[in-house]
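Here is what TrEMBL records for this protein:
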DOMAIN    20-198  domain 'Aminopeptidase N-like N-terminal'
DOMAIN    233-449  domain 'Peptidase M1 membrane alanine aminopeptidase'
BINDING   His305, His309, Glu328  Zn(2+) binding site
ACT_SITE  Glu306  active site, proton acceptor
SITE      Tyr390  site 'Transition state stabilizer'
DOMAIN    529-847  domain 'ERAP1-like C-terminal'
Amino acid sequence: MADSPAQFRGQARLPRFAAPLRYDLRIRPDLAACNFSGAAAVAVAVSAPTRFLVLNAAELDVDRASIRFQDLAPTDVTQFEEDEILVIGFDRELPVGEGVLTMDFTGTLNDQMRGFYRSKYVCNGESRNMAVTQFEAADARRCFPCWDDPAFKAKFKLTLEVPSDLVALSNMPVVKETVSGPIKTVYYEESPLMSTYLVAIVVGLFDYIESSTSEGTKVRVYTQVGKTNQGKFALDVAVKSLDLYKDYFATPYPLPKLDMIAIPDFAAGAMENYGLVTYRETALLYDELLSSASNKQQVAITVAHELAHQWFGNLVTMEWWTHLWLNEGFASWVSYLAVDSLFPEWNNWTQFLDETTSGLRLDALAESHPIEVEINHASEIDAIFDSISYDKGASVIRMLQSYLGAERFQKALASYIKKYAYSNAKTEDLWAVLEKESGEPVKDLMTTWTKQQGYPVIYAKLNGHDLELEQAQFLSDGSSGTGMWIVPITSCCGSYDAQKKFLLKDKTDKIHIKEFTAFQSSDGDKNIWIKLNIDQTGFYRVKYDDELAAGLVNAIKAKKLSLMDKIGIVEDSYALSVARKQTLTSLLRLLNAYHDESDYTVLSHVTSVCLSISKISVDATPDLNKDIKQLLINLLQPAAIKLGWDPKDGESHLDVMLRSLLLIALVRLGHNETINEGVRRFHIFLEDHKTSLLPPDTRKAAYLAVMRTVSTSNRSGYDALLKIYREAAEPQEKSRVLGSLSSSPDKDIVLEALNFMFTDEVRNQDSYYILGGISLEGREVAWTWLKTNWDHVLKTWKSSSLISDFINYIVSPFTSEEKAAEVSEFFACRIKPSFQRALNQSLERVRISARWIESIRSEPSLGQAVQELLQGTA
Ligand code: BES
Ligand code: ZN
């Protein structure tokens, strides 16, 4: 085996004795036959004598007879499908130095939304295919043989042969086009050094609009023919973001042009291909009349995220997928910076706590993983595009920035970008630059957060004039892990002017109250409140003793706390309650303190906690469920009544978001008045789609209201929604309908909605809308449906991370040990690496709920507390 092609099998990474310098690629897609042919000439640097060239190829037919290295023909060509490698053997050693490897190949334009694939659209009433690439993480190898590893950066020179009437786009601008009958040949400029996963091709019929940055970089948005007005908002955000990043990273946008394009079939939300960013339609297109405020935010954040990658990811690239978070965590964090500067009225940094929240929730599972994770096979990469890499990643960056200070942090980032431009970096490389620029122990501090899974909860207790702190790993199952962190503690006492910051390095530490700078105990120690983790910049939770907790409740009621701190308190309290570290009773009492809150950002967390409580109480306390729901309705209703259903002239973006949020929550809590009003407005809307009674922002609430009233014997609402779906041209409207269809309490209707997913009326990319909407009443029927259809689901969605959604959405709502065992048994012989983690996490959530239920049932004073609170809020 020592000198055979098989010696290269089973390795995570390609051998480094030969590396590509430049790819000259000629590719000819056939959009009707759904296949393509290509020819590659790759300049390769051989750095050590070898008889083999080893590169990646998958689902490609490489023509063995065409392969040459210089003028040498190989004696042995082996393609190992499972390893996705192509081993080219020669009868003698290749000399050290540069040579050109040439080969011809063919492949399929698949329907799996990865590699080189086809997407369907309709133009002038005619159904057509477009050809699109999606290479991240490891699918460039499905389009051409290559060293498909982010560290093998090379230059790319593409030539495409396409039907003359189509638009053909790639990373770089066109240098030349020649037409020969029905086929045109398009030549593109050679790219700078870049990784394979960022190469892109799109071929189809499109229109575009154009603008340019202050530096003169041309920026275009391509849309389907006749739809360019929907690209205007994204174009504007793009141009402004590019200007902003150029200043922030102190480096100009590296390419001569930037194109952005909406693709009708798209597995992710968007993809940052260098100079040719691809998007799901809902993440790029915005229509003044047809999109909601939340659609608008989504577009802005997505554009800002993908453009941040042009520096963080594309110019400086992670050395290996272990460091994926450097790409995704940073792009997520920076996107908030850009959007905050473009739309200050959105209060974007407070909304950032949505990211922190999902990071904290996922990372409280034993089945979580460290930010830096070992990758041994390409098939493991997709699964780490998760809340840990994105949300925890972005949150620990915010934590570090807040510790180092914004200015120092930015300066260090700019020098990191300069140092590693056109090259690759590891997590340690970033820490080294930050450490050098700041003089702070960045590496020691941050390693505890990136190499170790989980995070701490800080127990805070007042002992005389000492605030005693103790850290322990927080886990939602109530156990304590063994992790230890260096925790940037921030705290304030009685006012935001009286602060104390330090690094908690040991298990315990304490602060003397007098240490709070500018501390005055004017209103007597009785009314003192102490808040740790000011503005939730730290990635940890806090458990206060009863006295401190009571102080904070008073501070909330007295409106002394920032929006972020109010969010932090309710989120921590909820998590501690799930982990059985505090009672549901005390959580309900705390929620009561948010009774007259009117801010969207705070209420979005409050409603999410309310909905979780309402769900768990269905199984935990069926007798009390109605009263608990009423209590939660009473809590949310004042703000909802103030806003009503109708938009008001000049109201803020966040109030528009809040209206939608509250109406949806009230419908989900079963509030009859809201449901009836939603149904009333829906009927008017059915007659007149232009009615001002149901603008896009409140439409989802009305759709959900209608579905609450639908049953097999009264299905007209369901059919009406299907009709809206079929007639809607806008993907955002379609997604609103899909997200409602499965939310009926009627099991047969839920089943019908699930089966609708399998028809060709629903794109495979959109399955998660239906899955995400399944009613609690429908969870059993959904599980049976999943078991029955598992083979089909696996076959259709296997190659994307969408497969995990089926498991997450269908398994997680269960709340019993028996169910966990049943699910686990079903998958025992069906497990695959691509959804193993999703399954383990879902099962863990089920078991956590089961334990939470047991503990809720043994809370002696819950019933009485609910009655008391009900009387207080009625
Ligand atoms: N690089 C990702 C796209 C991606 C995701 C490729 C998963 C391969 C697998 C892109 O930059 C991204 O993060 N997109 C996000 C949108 C963003 C606003 C968080 C997405 O697709 O959801
Ligand atoms: Zn990204």
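Cβ atoms are placed via backbone N, Cα and C, with glycine included.
Since the structure is predicted, the reported quantities are computational estimates derived from the model, not experimental observations.
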In the chain carrying Tyr390 (site 'Transition state stabilizer'), residues 6 or more apart in sequence that have Cβ under 8 angstroms from it: Trp325, Glu328, Gly329, Ser332, Glu355, Gly359
For His309 (Zn(2+) binding site): intrachain residues, at least 6 apart, with Cβ closer than 8 Å: Glu272, Asn327, Ala331
Sparsest Cβ surroundings (other CB atoms within 10 Å) among the recorded positions Glu306, Glu328: Glu328
Shell of the Zn(2+) site beyond His305, His309, Glu328, same chain only (C-beta within 8 angstroms of their C-beta centre): Glu272, Glu306, Ala308, Phe312, Gly313, Asn327, Phe330, Ala331, Ser332, Ser335
Count of other CB atoms lying within 10 Å of the CB belonging to His305 (Zn(2+) binding site): 28
